[in-house]
Number of protein chains: 4
Amino acid sequence: RQYFVNADDTVPEKVVVQKNSPRGVHFRRAGPRQRVYFEPEDVKACIVTCGGLCPGLNTVIRELVCGLSHMYNVNDVFGIQNGYKGFYSSNYLPMTPKSVNDIHKRGGTVLGSSRGGHDTHKIVDNIQDRGINQVYIIGGDGTQKGAYEIFKEIRRRGLKVAVAGIPKTIDNDIAVIDKSFGFDTAVEEAQRAIDAAHVEASSAENGIGLVKLMGRYSGFIAMYATLASRDVDCCLIPESPFYLEGEGGLFEYIERRLKENNHMVIVVAEGAGQDLIAKSIPVADQLDASGNKLLLDVGLWLTHKIKDHCKSKKMEMTIKYIDPTYMIRAIPSNASDNVYCTLLAHSAIHGAMAGYSFTVGMVNGRHAYIPFHRVTSTRNKVKITDRMWARLLSSTNQPSFLSKEDIMEAREAERLANRLPVPASSSEHTKKHSASVLSNG
Amino acid sequence: RQYFVNADDTVPEKVVVQKNSPRGVHFRRAGPRQRVYFEPEDVKACIVTCGGLCPGLNTVIRELVCGLSHMYNVNDVFGIQNGYKGFYSSNYLPMTPKSVNDIHKRGGTVLGSSRGGHDTHKIVDNIQDRGINQVYIIGGDGTQKGAYEIFKEIRRRGLKVAVAGIPKTIDNDIAVIDKSFGFDTAVEEAQRAIDAAHVEASSAENGIGLVKLMGRYSGFIAMYATLASRDVDCCLIPESPFYLEGEGGLFEYIERRLKENNHMVIVVAEGAGQDLIAKSIPVADQLDASGNKLLLDVGLWLTHKIKDHCKSKKMEMTIKYIDPTYMIRAIPSNASDNVYCTLLAHSAIHGAMAGYSFTVGMVNGRHAYIPFHRVTSTRNKVKITDRMWARLLSSTNQPSFLSKEDIMEAREAERLANRLPVPASSSEHTKKHSASVLSNG
Amino acid sequence: RQYFVNADDTVPEKVVVQKNSPRGVHFRRAGPRQRVYFEPEDVKACIVTCGGLCPGLNTVIRELVCGLSHMYNVNDVFGIQNGYKGFYSSNYLPMTPKSVNDIHKRGGTVLGSSRGGHDTHKIVDNIQDRGINQVYIIGGDGTQKGAYEIFKEIRRRGLKVAVAGIPKTIDNDIAVIDKSFGFDTAVEEAQRAIDAAHVEASSAENGIGLVKLMGRYSGFIAMYATLASRDVDCCLIPESPFYLEGEGGLFEYIERRLKENNHMVIVVAEGAGQDLIAKSIPVADQLDASGNKLLLDVGLWLTHKIKDHCKSKKMEMTIKYIDPTYMIRAIPSNASDNVYCTLLAHSAIHGAMAGYSFTVGMVNGRHAYIPFHRVTSTRNKVKITDRMWARLLSSTNQPSFLSKEDIMEAREAERLANRLPVPASSSEHTKKHSASVLSNG
Amino acid sequence: RQYFVNADDTVPEKVVVQKNSPRGVHFRRAGPRQRVYFEPEDVKACIVTCGGLCPGLNTVIRELVCGLSHMYNVNDVFGIQNGYKGFYSSNYLPMTPKSVNDIHKRGGTVLGSSRGGHDTHKIVDNIQDRGINQVYIIGGDGTQKGAYEIFKEIRRRGLKVAVAGIPKTIDNDIAVIDKSFGFDTAVEEAQRAIDAAHVEASSAENGIGLVKLMGRYSGFIAMYATLASRDVDCCLIPESPFYLEGEGGLFEYIERRLKENNHMVIVVAEGAGQDLIAKSIPVADQLDASGNKLLLDVGLWLTHKIKDHCKSKKMEMTIKYIDPTYMIRAIPSNASDNVYCTLLAHSAIHGAMAGYSFTVGMVNGRHAYIPFHRVTSTRNKVKITDRMWARLLSSTNQPSFLSKEDIMEAREAERLANRLPVPASSSEHTKKHSASVLSNG
């Protein structure tokens, strides 16, 4: 009773078009193919989760195991434990529909995860030695880069192995795709922290509630949580630089809001204001175990700065700082993310069975197979000259912290990025060479 | 700091294309226009909500009031009470950003709602007499048909009034648009009932948990709730006829599941099996106050049928029937629906300010202005030959209740519906004549 | 590191005393004894759950298994499946701390439950044959009566078996004890249904929301849920007869509330108004499988009666009926009930290890061992002349439905029940003969 | 329809008694009196909230306002804003049943609160000048001390003013009373943080989740949250000193748990280990605005200490620190706390109307009027030689951190505190002189 996708179906990257727009980049549509590359009885699949926690990880794992079994009768499936390193340093965990039956009701990942370096060659050695021919890799930006390296090494060795990346980022900062799984759940849960901040702030004289949310390079969670709540007076994100002192600065705005309204709520993405902190606290750049630049805690820093400022102005105030990060990351996915995780897992399975290697994702509402390099070469960011951010500014009434020149410059940059035609041949090339190793081989 | 939409931007109805696909229907892209039709100080707007409750109604109301005020400085906004009839039988309620500030935290609609007939002429008389020139109408299929009638009467009288429909249907059964607001929240809340049914069923010998969910003509809530949960053994929807007795029938499946697993959960959409009930209980067709066919309670009916069958087979069993309908409809919208409601309200405002009359909706991930007749002439249904339903069948293992002929027939019907090119001129026509009354006038 | 209870410690049944009150009934205080009756290595324990679901059942099961193991090193523990009948008709399920580790996070009972008759002799035969010497019985009024019968048969046979009853009643209708486990959770969850009814009612013209809550003979859930919420206009319970027509009747009150406030919420306990229904629908008394009188659905009945009345008065109105029963029963216990379930389980274990047979319960804030007959001979009911009910009446403003004579009569009945001294010897007797079979033997 | 409390009714402080126990301290039973001291039309009442937030504050405020109006027809009620200082530095807020109708659905306090010093004379001056004769004071230990001072000043001046204290402490550390309002809600909400810590810990190799909970001097929230959850491996509270290094120390236990189980969860009350921190970081004692000793953040300190230790042992591990304090304090009260807050408010009103001055509280399950000095002279603490703590130790398997001498000493101290008879005359004295100023005057 399977319904097959026409092998020629494509999904365009850009859906808003004018009359004579060029055709633009298109991706292969995801879905079951009439002809599959692997015989089910030959498939030996493995699943790995890398990086920080995100709601929905266990649902994706569950649906990969159940989908392989129910849709293709593939039952040789293993879990790699504790991230990439687990390929060569831990036991492979056999997984069955029964063993994963209830895991989607729990947060976290039953496979464990880790950050930090790994050895691509040792990974591929193990894939080769154990006869694995489908590798499902769930992880963020860095993890998808790693998947691409594994894929290239596999191709170099001429192995018949499909590599399927399933992008995971609670920050929603992966390029090309509409939305990453777990994002809706995270925004929902972030409301709880904002509600608490609002209650704390409004139960005190000159009360300020400050909430730090996830968002290393992209402020999507902060922006959506602010839009979904209506109690936020100021939202600070990495994409929109801000300053503290002087006209149009944050301190001036805080003073004004407290005067007008007696209390306020500030939401700050963890990656916001890093340049300001770097200036105020001269710290050498640091890298965490995964090679990511360590962020200084903008929430604590801002709390102290605001306190100091108010003290210097002899304003009595109370500030309450809430960091709900781990309480957000660790919850199970909500119903809408659950369905999304299921569809992603199924799309990944269909693609791998068809012999493709790719990152799977929803593009303009349709599931598609995206070449690895497209999702890793750039990052999804909030466009601060775009309407969504304009909506936020109008709903919070916060200052834009931008000069007129800043705006013109940002618009021009976006215009260039958006409007320049991508030659059709490049899109063709993409599809032929990256998104399908085996079936065209 | 507003970002304007190019007046030529369009959104295609079909996003999955093959190389030589015809262009297909495109809709105007929603968003702020550089030139608006109304002077803000001349605008007198009103808002009405009709039909059953749906999570998010209050958020849409709030954002219409706040958006008109914050984005366009329009402050002459009224609420019509208790549905269409309120145009001529209740006081008009003045609404301000302050008066609606916290309403999105509550379920229901602060304006009240009603079903049932109304008099289009009396409505337009009142619009004319009171000098209203923007009418925002939030409601389902029947309500949008009413909006179309109001719009036609307004056009006939040559009034300069924009009519903006915001489609509301908890069943997600409105055509063209990606998803209706409140749907995510409803599916989330439906999980609670399914969880309870699962617990009741699995705490008894031969326990059956039966949950009736909304879905008069379309089984989307039942299908998504089943996919989001993993505890459902059988999902029955209006689109997929089923039968009780004999080989491949529901009773046979129930017996098998209880034997295998000792308990089971059945989800049934309210509109499922109506033909079966009609046959078993000869009742004259009835219409409710809105002219909708009255549904017989399939949940109670099925409960009795299953009990009778098990008695006749001397199977001891326990069945618990849960109808969570009102508990689902009445909750406030979740964060993701909150953001969606905000965007819908803003899109509606931008369109009305530009002088268009339309139904607003998200089409392939972009907000668009859709001619009324397109959303009312057909209904969004679960395609039972499509992949989503195939996924559900594979996850529940329930029988398909379909003969081979049924499947072929359904596929052919869909193929015809989907693949036949819609002449470009028709789409042009559409845009010129229906979606924009005033700005082209 | 155990702290032992002095064997002479007692807990008084009445805690409010006047200067020369007689001493009254006292119960043995629960807790670990310095000297235990059983050698841990000789203990073979079993656990059974009977009757309807109640939040916390799995927590009690878990803590019995873990407590026996951790506190006394007893590891021979079995679960009886599907209620009393499971003693002679199902396999005994071995239970370990590991196998029950996560069950408290789920609603329902992992052992299954059932209503209906059972054979005391066959049960005791099986206890005897399998060498079981500790029997933990979790269930309501009828189940505790059954436990008393089992205890008497065991005593008759001279077996060295301790029988520990843990009272379970979501209705909180068991006598003597302060509160039954799961009650807090049920009241909490009932709020959700009341909230929904309130939203539905207030979003319609003359909207009535009607919620049926559990409470066969006692209206505690309805009363507490009404007090905890503030949106209920009328609460009907079995203890307080009401009438529909005429002065001071329900219809008059409904008309008044709708006129004043446009909408209203009614909460009705399932056992309320049974005499009225019996009169209006002449149905022969029916008994369910457990021998309980079948209740006619007061919610549906009331819905129809109110509709008919309004029709006859030509009042347009909308009524929404919500029955959340199974959604309340099936949820996991909240934190406070979790702790209470743990303490009950531990108290039961300490008592059984000391060789007592009893029902365990909290009496005036202290855990005590109560003779079986005390909890089964009477039922805990809402005292309608008491302050709690007076508080409710003052908060809802509903009519009392009582004549002056009714009140006088009820007060006198209570006065007699409460004030008559219970001879000290009876209390002594109780403790010696019923609450401790073995240790005094 | 009010039911009156016999004026002689008392509630004993100790309910567990042996045969020849002395009578002990008894408190006046709370409840409506047949004769009241104030004429309703003469009453002018005010309400003030002080100190940190606690779930239920708004419910108490609401029920004071509604109860005064509905039960005694007292409608002259004012809110004092922002704590004690508001008596002389802010406007008095008129409060009506209508204005407080929905406030119990929000967390925090609509009156605002503050910590810090205040001037008793200026407060009483204002009470006197404005003709206020009932003062309701909601706050913790320090606030009740302040209430006692206000009461003494009022008595000194011979004013006919009743002072009713309603003890508020999320830590549950107020002496005499069974439980403070909001405590159940706090424990419930603390589960969410523990769940998140458990997920984070178990999704990493050698993962540790560390949760800091409220509890400055008393570890009740930490202890109950640990008992309600089953995922905590170690619970540290102020009452039970611990040490890090060496045999029986925390580090040793952490190493063992990680080896056994690969991950662990630690819960620490904010007041735990303060002596250790003071030693390790030489900081001068600091007092906050209310004169409370500032606590050093034991959570951050412990995180660093554990990290350093593991580094020195070359153990790879991940530690996630969660501080949910403000997210717990700010939520609305659950149903059970809602009912409790209502009863407390009503008891306070009845007492004030009868002319008493007192702190109200539940003592052994009955509401009672307690002389101020009894609740402020000592503090409710977890008894670490008691059964509740023993239960916790047995459920977590953590080390007791106690030497044999420690235990003997603590037991002796408790024995002395508990068993020494309090002379009956002292209890009489108490009742006559402190708990009732006016009615005996």
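Glycine is treated like the rest: Cβ placed from N, Cα and C.
Under DSSP, D:Asp171 (active site, proton acceptor) is assigned to coil, being neither helix nor strand in the three-state scheme. Positions annotated as active site, proton acceptor by TrEMBL: D:Asp171.
The annotation ATP binding site is assigned in TrEMBL to D:Gly52, D:Arg115, D:Gly116, D:Gly140, D:Asp141, D:Gly142, D:Thr143. Sequence-distant neighbours of D:Gly52 (ATP binding site) (same chain, 6+ apart, CB under 8 A from its CB) are D:Ser113, D:Arg115, D:Gly140, D:Ile170, D:Arg329.
The annotation Mg(2+) binding site is assigned in TrEMBL to D:Asp141. Around D:Asp141 (ATP binding site), a 10 Å sphere centred on its CB holds 23 further CB atoms from the protein chains shown.
Taken from TrEMBL, the feature substrate binding site applies to D:Thr169, D:Ile170, D:Asp171, D:Met214, D:Gly215, D:Arg216, D:Glu270, D:Tyr326, D:Met327, D:Ile328, D:Arg329.
Per TrEMBL, the feature domain 'Phosphofructokinase' maps to D:45-350.
Per TrEMBL, the feature region 'Disordered' maps to D:418-441.
Among the features that TrEMBL reports, site 'Important for substrate specificity' is placed at D:Gly142. All chains included, 17 other C-beta atoms sit within 10 angstroms of the C-beta of D:Gly142 (ATP binding site).
Take the binding-site residues D:Gly116, D:Gly140, D:Gly215: by the count of other Cβ atoms within 10 Å of each Cβ, the lowest one is D:Gly116.
For the substrate site listed in the record, the two most distant Cα atoms among D:Thr169, D:Ile170, D:Asp171, D:Met214, D:Gly215, D:Arg216, D:Glu270, D:Tyr326, D:Met327, D:Ile328, D:Arg329 lie 17 Å apart. For the binding-site residues D:Gly116, D:Thr143, D:Gly215, D:Met327, a Cα-Cα cutoff of 10 angstroms around D:Asp171 (active site, proton acceptor) retains D:Gly215. Reduced to three states, the DSSP call for D:Gly116 (ATP binding site) is coil. Contacts of D:Met327 (substrate binding site) defined by a Cβ separation under 8 A and a same-chain sequence distance of 6+ are given as D:Glu189, D:Arg192, D:Ala193, in order along the sequence. DSSP classifies D:Asp141 (ATP binding site) as helix under the three-state reduction. Of the residues the record lists as binding ATP, namely D:Gly52, D:Arg115, D:Gly116, D:Gly140, D:Asp141, D:Gly142, D:Thr143, the two whose Cα atoms sit farthest apart are 13 Å from each other. Ranking the binding-site residues D:Arg115, D:Arg329 by the number of CB atoms within 10 A of their own CB puts D:Arg329 at the top. Using a Cβ-Cβ cut-off of under 8 Å to chain A, the recorded positions D:Gly142, D:Thr143, D:Asp171, D:Arg329 reduce to D:Arg329. Counting in whole angstrom, D:Glu270 (substrate binding site) lies 21 from D:Thr143 (ATP binding site) by their C-alpha atoms.
The recorded positions considered are D:Asp171, D:Glu270; of these, D:Glu270 has the fewest other C-beta atoms within 10 angstroms of its C-beta. Between the C-alpha atoms of D:Asp141 (ATP binding site) and D:Gly215 (substrate binding site), the distance comes to 13 Å.
In three-state terms derived from DSSP, D:Met327 (substrate binding site) belongs to a helical segment. Counting every protein chain shown, the number of other Cβ atoms lying within 10 Å of the Cβ of D:Thr143 (ATP binding site) is 27. Cβ neighbour count for D:Thr169 (substrate binding site): 26 (other Cβ atoms within 10 Å of its Cβ, all protein chains included).
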